């Protein structure tokens, strides 16, 4: 047996153990000149000793080894053999030989394992356990679905939009206004407005015939017949003019722009009537079940728009008496803009309490449909799954599910438009896309999908498949002669009579998210199922192929193949057509493994070991077992693996978690696993990833469709009502009412009623009155000026002052006329002494004139001074005669003006009377002195 070698790695060389082990190495280097790489021996270190000493040492060691081997039986060794590698920062693999000299024990302690490798002890199989390879399997064939059919589809939904048509509204706007005329203002005290329907006779004979409308309105209110006239004048036909403002899709015509109102003379009430004939072309809307329709004016007509007198239309709904409804065949309506007659049509007229509405009658079945097209899909795949049809539409990212039975469209009320429209769409798509590559298979098919959708489907078949089917059909007809089969009293699925439910309707959901989720689920399911099916089939085929390979490789290396198949370390051997296996237990923690540094056979120069030599040492004292290192850390309990020695020998062996490198059958160094390149025997599984599917924002019903669901469009009604005043009345025109103008109008009407002569006189009178009114107007205008008002104020103030003084003068004339007329003459009367009687007689009164009284202020008056009674009486007579003279002159003047005899005669008589009364004497003016 060759000497033992060892290798180790040291970090702390100053330790006592290192120095002691170094002595041991020097000792062993004298025994074997070629030290292992990394063992610490730098040279051959040949130490010549005596032959006796060498043999003594060898015999001692060999005897100890033999004793240890003999003392341990194989069975007890396998029972106690375990591996427990030690672990440290720098661990050396060591081997402990149990009881022996301390040199061998030190060598074993110095070799610690670097990591925790797992080693297996594989005893040779004895044939007690045999196995065999499973024969090849039959791989399954998976089908994801059946009856896949491609085609074209048109999807329909419930029609929730209103039926729209044009209607014409005829009415007269009657406004009666009562106004109070003040001195400088006008006030409306009452206003009555009403809409009056226009009779159908006036529409047909006047409006649509001449483009005019009467200014007279006749209507019934409070069960009484009432008439109104525009501007309170005699009725006349007035031309219809277009309105100033029109909304989208609406036009209107009317007869006047003004609202008539009368302002009378101040302090009176006047009433004015305005009649405006209005014709509006508006939009009418009706929703299912079409028993009424609404107008954009806000009015609701409780009659079906399809009510008529022919083709059974009289069965439609109506809430009005028949005398209010009129239908004319071939009626030609007049275009009020171009004045041209339109094409003949069946025209309906309905008279309501407030308006007359007219519209063109059309049959119901040709105008409305309870279903409407939602989407056209050019490529659809239909498959049968779980007794249902699934229509997959990738362009819409949706999947619709329906029953396998076709749906009869005749069950749905007013669904006659679906097949005709769908057929036209399918023909167009087929002609433009599939005409050269596919053929149609049968007629179009109709299915009711979940959610209330109707799918009209046209199956298609590619030309290549069609040719294969034809060839197969020809082959079958050739091989099998035609035989007559007894007819069975059965029907095909499509011809099964279905009990129809009258007037059935469907309700479509407003969201299509459920179909999109169904499409996503089906897409994921299809992808996963297809992937799993391919994996299963490929896996089965791969197993069959690997089985054939393993069957051929088992004779070469049965242990490796058996370990791979059984997923555990075993030892195998071929025994004919079966394989004998034995289990390979792991070494426990109470064992150590020593790797020797030489692979040469001791005593031979041509024989070498093909695997490194090892020694398995039990730490519990059970002994040491010699063997070889097998593949993949397998420990072989024999040293039978030999080979001829070759030159340039280089080998790498896995030992634990590292590779050990041998060159020329000598240990060189240890190599880490990651420093050795790796080639993989595995085949990557190429799987297709799940494709990205984005949800498209699909709308079943658009915003316009949802807005059209109601009977009335309130936005259009509000727009029309707010525009009504702008369309038919001039809101910018202002009429200034004048009381003088009212007087003139009243006088003019009065003179016009007197005939031609009265009108001539009226012109003269109205001219003079107009001049007077103009003067008054100018005066009032002057007063309205601030400066004119100030001047008038000053004049009024001056007039008041003058009036005050005049009033005082008149009072003075009344109380003392002589003082007022002769203030200087009567001035001396104020100077009479107190107590003096002005009428008392005095001596020599005739000699002293009255003017001398009080001539001198220093002369005291005489007690007997006073007035002369005769003079006083003469003065009285003179005043009387002056009054008579004044009266006579006035009478004569009047007589001359009037040229009347009685007045002249009276004047003459008055003069004669005055002449007969001349018995007075003249008052002396000079001073009379006494004789």
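Glycine too: its Cβ is placed from the backbone N, Cα and C atoms.
According to Swiss-Prot, the N-linked glycosylation site annotation covers 147 (among others).
In the three-state DSSP scheme, residue 257 (N-linked glycosylation site) falls into the coil class. Feature annotation from Swiss-Prot assigns N-linked glycosylation site to 257 (among others); the stated evidence is sequence analysis.
Sequence-distant neighbours of residue 435 (N-linked glycosylation site) (same chain, 6+ residues apart, CB-CB distance under 8 A): none. Residues annotated as N-linked glycosylation site in Swiss-Prot: 435 (among others).
According to Swiss-Prot, the N-linked glycosylation site annotation covers 503 (among others), on the basis of sequence analysis.
Just so you know, the Cβ of residue 620 (N-linked glycosylation site) picks up 12 other Cβ atoms within 10 Å once every protein chain is counted. DSSP classifies residue 620 (N-linked glycosylation site) as coil under the three-state reduction. The N-linked glycosylation site annotation in Swiss-Prot covers 620 (among others).
Swiss-Prot lists 686 (among others) with the feature N-linked glycosylation site.
According to Swiss-Prot, the region 'Hydrophobic membrane proximal region' annotation covers 731-784 (among others), on the basis of sequence analysis.
Annotation source Swiss-Prot lists region 'Hydrophobic membrane proximal region' at 764-784 (among others).
Here Swiss-Prot flags 881-884 as motif 'Golgi targeting', drawing on sequence analysis.
Residues or ranges marked as signal peptide by Swiss-Prot on the basis of sequence analysis: 1-71.
Residues or ranges marked as topological domain 'Intravirion' in Swiss-Prot (evidence: sequence analysis): 808-931.
Residues or ranges marked as transmembrane segment in Swiss-Prot: 787-807.
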Residue 257 (N-linked glycosylation site) CB neighbourhood, other CB atoms within 10 A: 15
